[in-house]
């Protein structure tokens, strides 16, 4: 029988498989293993991986760390110039604490991401090219340190892309990347 | 009232059975009436959720800007819960009863539990709707996810647990049927019953995760525990958040095997291959829920890669198996009947005027090309950085659960109207138009969502950002033309959905009663079972093979394009 509403024949396991279906199984299997290998391999040879180090931190403590960082940073018209290679961003309803910031192109920074209240989304893109954008989740209780190197100078806009309350849509920040 | 009671009336023999004039199945009154009850409830949820689809879409189309942000998140929550959860899950319980007792020709066991399950589910569904509507500051609308520690009404978590509990109760008669049927025998169930059984197991896993997640959040909201970990909640939540979508997927695939057979004359080309694919789902598919955590802090890269890939793409492989097996079933069935020569004659000569067939085939094609491919691509850890929480993710899941599941379930509702309610359509022309209009318009809507998200970075879950971000000179104004197309076709799609409701409800209330033995024009040419023909494994499946090669080529192209966009980014990560 070949009817999905009736019990199959007793020897259904041994029935031959159509030749083209067998070929398709091979193609689909190879593609499945191939895309796994590419994703896993890209963590080794690729330059864009959402991988960093996470530290548990009390939200108030993280807020203090951001405040200390802001003390140490130089204030300019375009925003804070970080004192070293670490850049702190504190997400809160409905503001990005620590932004705007001024960074140098071609220099690797450790971006510290954390939230003071609820979950937020760290979503960044250069002004003139909206299809270059990245999105990372930000938690209260975690400090996520991700290295980033902005290679092109320009203005990078940060919006929140996790619903964080009524004023969610107004949450906007900025990186100004200048020639290094 | 009499109009409603007459909906639950059919001519049964002294034992309460009748023979279905389309499927030939022996159908018991108890099964049929519960399928009708759960199906009708699902359609009500579809209508309610559809109203909010309109208000939500007309807000995202900022040219109209229908709702203020405060109401927007409330409407978005109601849209999500009524369509993604209540419409789907009520339908899925009906599908379990079809796939179990109806296909196996049994009465519905534990009938009181089935009815009690319905009552508890209905209470939970009404409760969730009420808790969203009655939310007051400082609580926020839950949306689908109710991520802690955003304050959400404890009534929301409580009533969601009630709904999940009711669903578990309602599923028990199905499991009892399978238990009674297979206890002490080495019987192989029919493929549709087997698919329904795997769906049921996946559902139990999902529901347990959901109860755990919502109970954890509820305990925190009522001060039983002092604090919640967002990361732990997200892990628990996505067991149901995505697990429920895997229920939709498996139920839909089971419906595909069922409907392509009864209205398209499809056969099973290989029991071994199709069943193995279902077993792959059983083992691997729920791992994939981790793809929601790909850009979260605190989870290792190895954990993310292993889980998001369903263990070397075991579940994606299974879906690609069904992607071949189901069209191949139609091709083999029709070629053996001598219906359609050449490469695609079997497809072009198929019953395209039958809305059940058209809805099913559009569901298969659009789920695969728009939903399946984008799901695998955005589920790769690095690509996910460019998709996560953008409008493109919304496009992806509208391709899976609207173009895929909702279209297939619409076909099933039409099928049930004729075969179980025994009513003719009030208008065959309008009924036939529904899948074409809905699939066509919704395809454009989902594509625009994806373009807006990927090419313009427009975020999801926001009332306005395209024309204006309050307090900022920046906006996503470049995406305005995309949203003009989105908005216009969203109106067409929602109108087509309303047409579906009108035709369905109109046919139930005013459609002519089909005489006993009448197949309502549903059966394929030559009847359900064609005699003779060559053995199935020897049929030349050239058409399906060609279609699948096209599918693979599109898959590769979209994969390469997305990875190209990733490599254009500045350097990120350790």
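From the backbone N, Cα and C atoms, a Cβ is placed for every residue, glycine too.
What TrEMBL says about this protein:
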type	residues	note
TRANSMEM	B:37-58	transmembrane segment
DOMAIN	B:37-574	domain 'Cytochrome oxidase subunit I profile'
TRANSMEM	B:116-135	transmembrane segment
TRANSMEM	B:155-180	transmembrane segment
TRANSMEM	B:192-219	transmembrane segment
TRANSMEM	B:247-269	transmembrane segment
TRANSMEM	B:276-295	transmembrane segment
TRANSMEM	B:310-330	transmembrane segment
TRANSMEM	B:356-377	transmembrane segment
TRANSMEM	B:397-417	transmembrane segment
TRANSMEM	B:437-458	transmembrane segment
TRANSMEM	B:478-503	transmembrane segment
TRANSMEM	B:544-565	transmembrane segment
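In this chain, the transmembrane segment (B:437-458) lies in contact with the transmembrane segment (B:478-503); the count of Cβ pairs under 8 Å, excluding pairs fewer than 6 apart in sequence, is at least 3. Segment contact is absent for the transmembrane segment (B:397-417) and the transmembrane segment (B:544-565), given fewer than three CB pairs below 8 angstroms at sequence separation of 6 or more. In this chain, the transmembrane segment (B:247-269) touches the transmembrane segment (B:310-330); three or more CB pairs sit within less than 8 A of each other, excluding pairs fewer than 6 residues apart. For the domain 'Cytochrome oxidase subunit I profile' (B:37-574), the model's average pLDDT works out to 96.
Across B:155-180, B:247-269, B:356-377, B:437-458, stretch B:247-269 shows the highest tally of CB pairs under 8 A with the transmembrane segment (B:276-295). Each of B:155-180, B:247-269, B:437-458 was scored by its Cβ pairs under 8 Å to the transmembrane segment (B:356-377), and the highest score goes to B:247-269. For the transmembrane segment (B:155-180), the residues of the chain that approach it from at least six positions outside its boundaries are 38, 85-86, 89, 93, 96-97, 99-101, 104, 106, 108-111, 113-114, 116-125, 127-128, 130-132, 134-135, 142, 146, 189, 193, 196-197, 200, 203-204, 207, 210-211, 214-215, 217-218, 221, 240, judged by C-beta separation under 8 angstroms.
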